[in-house]
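Features reported for this protein in TrEMBL:
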ACT_SITE  HIS90  active site, electrophile
ACT_SITE  GLU159  active site, proton acceptor
BINDING   ASN8, PHE9, LYS10, GLY165, SER197  substrate binding site
Amino acid sequence: MTKIAMANFKSAMPIFKSHAYLKELEKTLKPQHFDRVFVFPDFLGLLPNSFLHFTLGVQNAYPRDCGAFTGEITSKHLEELKIHTLLIGHSERRALLKESPSFLKEKFDFFKSKNFKIVYCIGEELTTREKGFKAVKEFLSEQLENIDLNYSNLIVAYEPIWAIGTKKSASLEDIYLTHGFLKQILNQKTPLLYGGSVNIQNAKEILGIDSVDGLLIGSASWELENFKTIISFL
């Protein structure tokens with residue numbers, strides 16, 4: 001399976017820096033990168049999607065066409081921008097914004113009905129990891145219960161919460177074991193990405209694991225040169 005690199009800007013990228021980054025990345029890449037390189041700016045960092053060399057996505061959207069949903073971005077907005085890719089279930093939204101499994105299912109089902117490419121994020125907290133691998137397997141299986149694992153436009157991103165933003169990635173052995181387990185659950189055509197303190201020092205090694213189909217990258221992608229280096233490892 002072709003390896004993938006995704007940049008998640010979170011809410012860290014200045015607006016005009018985001019715009020310049022997208023334009024420069026388009027110049028750098030080639031058409032064959034379109035399905036292999038993804039960028040998720042915040043809403044103000046988006047541009048109308050005329051990009052041909054990478055896929056532009058959003059970090060979140062509300063599961064309605066349009067309406068009285070103050071502060072939300074809906075599918076009609078995204079369709080105007082020609083954006084059809086989004087993240088669902090990122091741990092920061094689960095924890096900080098209290099997005100429940102039932103709401104995540106509602107989001108998934110809605111955007112599946114619109115044929116969006118969905119990057120569905122899962123991952124365990126340190127307390128679960130410390131209980132042993134059986135507890136991790138049960139937790140991750142439960143996170144996947146609410147969605148259609150045979151959806152053809154699904155990508156799953158495994159991000160252990162205890163590794164996000166900590167500068168401490170999971171060990172290669174942990175990634176190997178966890179991805180191996182998840183591959184048994186997922187459709188064989190569904191890409192499985194790793195995220196969690198990925199950087200230019202560890203990206204190549206992590207991509208070398210057969211069951212890792214790509215990377216979801218946070219702060220290490222915020223500088224374009226770093227992201228380009230990681231893309232070169234694909």
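Each Cβ is built from the backbone N, Cα and C atoms, and glycine gets one as well.
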Tertiary neighbours of PHE9 (substrate binding site) (same chain, Cβ under 8 Å, six or more apart):
SER18, VAL39, PHE40, PRO41, ASP42, GLY45, GLN59, SER221, TRP222
For SER197 (substrate binding site) and the residue listed as 'active site, electrophile', what Cα-Cα distance in Å is obtained after rounding to a whole number?
14
Filter the recorded positions ASN8, LYS10, HIS90 down to those whose C-alpha lies within 10 angstroms of the C-alpha of GLU159 (active site, proton acceptor); answer none if the list is empty.
HIS90
Three-state secondary structure, which DSSP defines for SER197 (substrate binding site):
coil
Counting other Cβ atoms within 10 Å of each residue's Cβ, which of the recorded positions LYS10, HIS90 comes out lowest?
LYS10
If you count other CB atoms within 10 A of each CB, which of ASN8, SER197 wins among these binding-site residues?
ASN8
Highest Cβ count within 10 Å among the recorded positions GLU159, GLY165: which residue is it?
GLU159
Express the distance between the Cα positions of LYS10 (substrate binding site) and HIS90 (active site, electrophile) as a whole number of Å.
10
Calculate the distance in Å between the alpha carbons (Cα) of ASN8 (substrate binding site) and HIS90 (active site, electrophile), and round it to a whole number.
10
Where does HIS90 (active site, electrophile) sit in DSSP terms: helix, strand, or coil?
coil
